[in-house]
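Below: the structure, in C-alpha cells.
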C-alpha cells in the first residue's frame, strides 16, 4: 500500500533480496536442476488441513468438491524441464471442497512445460453432492503404497483448557464449581452442546420460559453451544432467578465484554489435533522457503515452524501461483482440466471465509499461453508468454461455482462462533480493532491474552489493515484534528497489553520527527508494529522501507530534491562566478527543475515559484521620475500608465481634463456634503435616543427613590458588611469555648450525679460494701480502707448488741452495690453521650449557619467586574463629561428625594406626640425620659430608625440595671464607624423633626388666623346671642343720643358714621375674641407641658426613691453579711477550740477504748453486756448528728424584702428583681452569676458606717438531701471551709430511737458525723466510734440555752462551701414555706437596736435558694414597728427528710427570753437521766 510498486501488498512479485525475479523461479522438485528425477511411488506428504476430523457443514452456497488433476490413475508425466528427465507426476483424485477448517497452503501451479499432458478424464465443473470428507492423515496415507508403516495414532488431547481468568460477576468458589461441572460434562471438548446444557439447566427447576431467556442471554456466539464463560453466565443467571431477582433484558456491558473476551481467548487458543507428518520420502515442498535463510531479515517473510490455526489464517493471501510456494488454502488440486482440447484456465482460489471483493480473485494455475492477471489486479510488469504444451485455446473459466462464495465462519460450530470469528485472512485483527475502539467500559475487564498469536504477517500493510487502522484513527480523532496526541496514543496503545519498552520503541519508529503526535499514516504504522509484536515478531530497530508512510517518504524526497538542487546551484554559481555578478531579474537557476515538473508541466501557463518576480509596472498609480535608475536602463516615463508625455497634450485636452477634474471634485464635494448630512442626522438621532434614555433613567430613578422600600437600598453597604463579618467571626470564635464549657459542665454533672447516687445508695443500704470510702490514688479502695470498713462493721454490730438492737443484717452482698453503681453509671453515661450528641449537633448547625452567612457575604461581595462597573456608572469614573454630569444630577436628585421622604415619614402630628407622652405605659418605660430613641421608633419611622431605637432602649435598660447594681457598664471605648454614623444621623433627624414640628405649629396658627379673618363679616350674627357680649362703647351711645337729638339736622352723616363705627367695633370685638382664644390655647398648652413635666418629674422621683431604697437595702444586706462573717469567724474559732478539747478527750479515751476492746474480745459470756447495753449506751442523746437535728424553714424568710415594695413601674420592678436576684439565687448558680459578686462589691463601696443591727439570723430552708445526708458532707468535708450559722434557740433533741426518726442507724450516724477529723488513718474511725459510744453519755444533758455552742457537725444547718453545689429548693417546699407568715416589712433606714431585724439567711460563700414569687397584695413599706409576730408551726417537711425541727429564733439567751415573752410555747422535754450508769463502763472479769 505504501510502496509505489506492486510489491508492497504481499504480491508474488515482491522484489525482495534473496528471491529470484519474476519468470526466473527455481524448479520445484525434490532434486536439484540437472539431475534426473526417478519415478516416485509415493504421493504428496500429509499436509495439515485444519480440522479435518470435523464433520462437514456445507450449504448450497459453498463450493462443491471437484476432481482436479489426473483423476483415476497415477501415470508418470514429464514436466518438460530442459535438461531433466521426465518427472513422474502423481496426482491422486482429491476432494477439493471447502471445509469449515483452515486449509494448509498448497502448490497448485506448475512451471512452464514443453510436453503435453494427456488428460483422461475431464473434471466435473458442476456442484454434485459431496462425499464424506477425508482428513489430512487420510490424504497423507493415500500416497503410501501399502508397504509403509501405518501412521501413528493421533495424540491424546489434554482436555478442555479453561483460561485462568477471573470472572467478576461470580465468586471464585462459584467459578471453581462451574469449571469442575463444565469439565465433567464436556470432557475433552471446549464447548458444551445444547442437550447437555439443557440437562444441567433443568436441574434448577426453573420454568421453561425462564430457561429460554437464560439460554438466549448466555449463548453470545449464537452457535448452539456454550463455552465455559457462557456456561458460567448461564449458571449465574439461573442463580439470579432462583434467588428471586429478575433477569435483565440484556446483558450489562461489563459482563458481555468479559464473556466475549474469554470466548475469544478460548477460540484463538485451540491447538491442532492432527499428528506430526510421518517420516517418509515424500519431497519437502518447504525446501524453497528454506533456501532464503541467508537473506537479510528485514524484508524476508519469516515462516513459523509449526503451523497452527492462527498461522494458517494469516497465510491466506492471494498469490500468483506457479512460481514461489503459494498459499491458496486448497488441497493440491489441478483444476480447469476440461478436456484435451481445453487448456488450463484460471480458477478462483483463496479462502472461502472472505468476501469476493477482498481475496477471491482469479489465479493462474498450471499452463497458460497468455499472461493472466491473478491474485493481485494492480499494475505489474508485463509477463512474457509461457509455452505450456497446450494450444492457444485456453480460456479463462471459474470452476466450483465461485459466484456462490459468501463469507462463512470457519472451524467447528461454537469454536469461534458467528460473532467472535474474524472475517479477514489476518487473525485477531478484528479482535484487536474491537479492543482498541473507544467504547464504554473498556477500562474494566478487557484482557489482551486473545490478541497474541504466531501468524505470518508481512511487512507491508494491507488494504484491509489500513482500513481498520484508519477507522480506529477516525474513531479516536473525534474533533477531526488530523492527529492523535500522546495521551490518547498512550491510552490506545496501552490496551494492546505490550510492555512499556516495546511501546516506547514502537512510538519512536512511528514518530520519526519527534512531534509528539501521530497522523493517520503514522498511526497505521504504530498499529501494524503492535499487531506484529502481538503475533511474535520483534520490533525492528529501524523502520523498514515498506512501512515508511507515503507522506513522509514523498516529503523526504522533496526535501532531498530541494537540498540537492540548492547544493548543485551553489556549486554551479561558485564554479561559474555568477554569485559575484549582480542579480538579474528574470533569471532562474531552476528552470529545468521546477516543482511542477518543468516547463512542460500542465501548469506551464502559471508562473512557477522559482520564476516569480513582482511586476511593479502592473501597479497603477503615480511613480516618481526621480526614482532610482537600475543599471543602464533608460529613464522610465513618470506616469506609469501614461504612454505620452504632458507636452504632447493640447490646450483643449488640458481644459477638458481640467473640467473633468472639476466635475470630479464637485462630485466628491457633493458626496462629502451628503455624507456630512447623513452623519448629522445620525448624530441627531443618537442624541434623541440618548436623551430619551436619560429621561427614562430619571423616571426609573424617581420611581426607585419614591418606592416605600427605597430606604433599604443603602443598608447593604461595605462598612456594615465588614462589621457584621467581624461580629460573626467573634461569635464563631466563641463557639469552641462555649462548647468546651458545656462539655466540662456535663462532665461535672455526671460526676455529681454519680456521687449523689453513691450517697443515696449508702443511705438506702448502710451495710453495703459501697460504704467503703477509698483513700488511695484517684479514690481507689485500698486494703487499709477494707480493714477500716470491717472494723467499723464490727463496731456497729457490737454497738447494736450492746444497745439491745438487732444486729444489722448484711444482706446486701458485695456485688450488688457494684451492680447498682454500674447501672447508674450506664444511665449517666448514656445521658452524657446524648447531651454530647446534642452539643455536637448544635456545633455542626452553628458551623453550617456560619458557612451560609459567610457564603452570603461572599455572594454579595463585589467582584472586580462589578466594582469596575459600579465605579464607572455610580461614581462616574472613566465616562464622558455629559454622562458624568448626568450621573451627578441623578445622585443629587436621589439624595434630595431621600431627605424629602424621610422628612415626610418623620412628620408626625403634635397631638399624637402628646398622647404618646401621656400614655402611662410609655411613662413607665425603663427610660428615664422620652428621648430621641423613643420618638424615632414611631410607626412612621424607617426600619433602620426602629432598629436603632430598640437597640438604644435595650442598651439604656442594661446600663440602668447595671448602674443600680453598682456596676460600671461595659462600653466599647472605640466607637465604630457605623455606630457613629447612626448616632449622627439620629441627632440630625431629631433636630429636623423638632424644627418641622415648630414650623407646622406656626403654619397651623397662621392658617387658623387667616381663616378666622376671612369668616369675619358673617360671624357677628351667630356669635352675639351665644358669646359674652362686651358692653357697648361710650362713643356709640353718645352717637346714638346725638343722632336722636339731631335727627333732622344730619341724618345722613350720622347714619354713615354709625355704620362705620359699628363695623369698627365688630372688628375690634372679633380681634379681642381671637386674642382671648389664642391666650386660652397657649395657657392650655403651657398647662399640658407643665403637667407632662410634672409627671415626668414624679416618675423620675419615684425611680430615684426606688433606687435609693434599693441602695439602702443593699447597704443593710452588706452590713448583715459583714456581721455574719464576723460571727462565723468567731464561732469558727470557738469551734476550733472545742474541737481541740474534744480531740484531747478522744486521745484520753483511746487508751480506755483499747483496754475495753481487749476485755470485750476476751469475754466468753456476753449476756452481761447485753443486760447493761440499753442502760449505758446512749449515743443518740450525747452525739446528735445531722440526721437528728434538722433546720426548720423560717416563716420570716419566705418572702425577701425587695418584693415587699409596691410595684411603681415595670422598670422599678425589674430593677428590684435584678437586685434581689443575687440574694435569691441558689448556690449552684452563684458561681455563674457575675452580678452577685459585683453587687456585693458595689454595695460595699456605697455603704457608710451603718447603725448596729441585732445579731439575729434566720436559717434559710434547705432541701432534704442537703440537710439529712451526712455522706454528702463527709465527701466534701476536706474542701469545706468552716462557717457559722446560728442554730435555732428553740431546737429540741429527740429522745426516741433513731429508727423512728429517719431510719438511720445510730452507729452509722455517729460514724458519719465524727469521722471527718482523722479518717485518714485506717484505724482512726474505730477509736472515735468507740469513744463516742462509751463516753457519749458521761456528761449531763446540756441545757437548751447552750445549744448554740455545738460543733459544726452538730449544727442544724450543714456548713457548705461554694465548691459544693446544693440543689435548688423545689417549688413545693417554696410554696409551703411562703405563706407561713405575712411578709415582714423592709427594715427602715435607721433600724432600732431593740427591734430584731428579720432578713433571710445569706451566706457569703453560698447563695440561698431562689425566693418564691412575690405575693399579689403586698403592703407598702410602713414605718418601723414592733417585731413581727411568730408564725404558725412550720409545714411538714418533704418526703425523705427527717422530722422537722422547731423554727429558728434568736441566737442567744436574750432572744430566747424575748420569744418566750411574746408567747412562744415550748415543747415539753423529758430528760432521761442516766448519770448513774454513764460515768464509766463496767470492767468484766
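Numbering starts at 1 and runs along the chain as it is shown here.
Each Cβ is built from the backbone N, Cα and C atoms, and glycine gets one as well.
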Candidate ranges 530-559, 560-589, 590-619, 620-649 [criterion: Swiss-Prot lists as region 'Disordered']:
620-649
Suppose you had to name the range Swiss-Prot annotates as region 'Disordered'; which of 268-309, 352-393, 394-435 would you pick?
268-309
Can you say which of 203-222, 223-242, 243-262, 323-342 is given as region 'Disordered' in Swiss-Prot?
323-342
Given a Cβ distance threshold of under 8 angstroms, which distant residues of the chain, six or more beyond its ends, lie next to the domain 'EF-hand 2' (498-533)?
2, 426, 428-429, 432, 436, 457, 461, 465-466, 469-470, 472-473, 482-486, 489-490, 539-540, 542-543, 547, 549-552
Of the residues in the domain 'EF-hand 2' (498-533), how many are helix, strand and coil by DSSP?
25 helix, 2 strand, 9 coil
Roughly where does the coiled coil (1054-1172) sit in mean pLDDT, to the nearest integer?
83
May I have the DSSP-based helix, strand and coil counts for the residues of the compositional bias 'Basic and acidic residues' (980-1016)?
35 helix, 0 strand, 2 coil
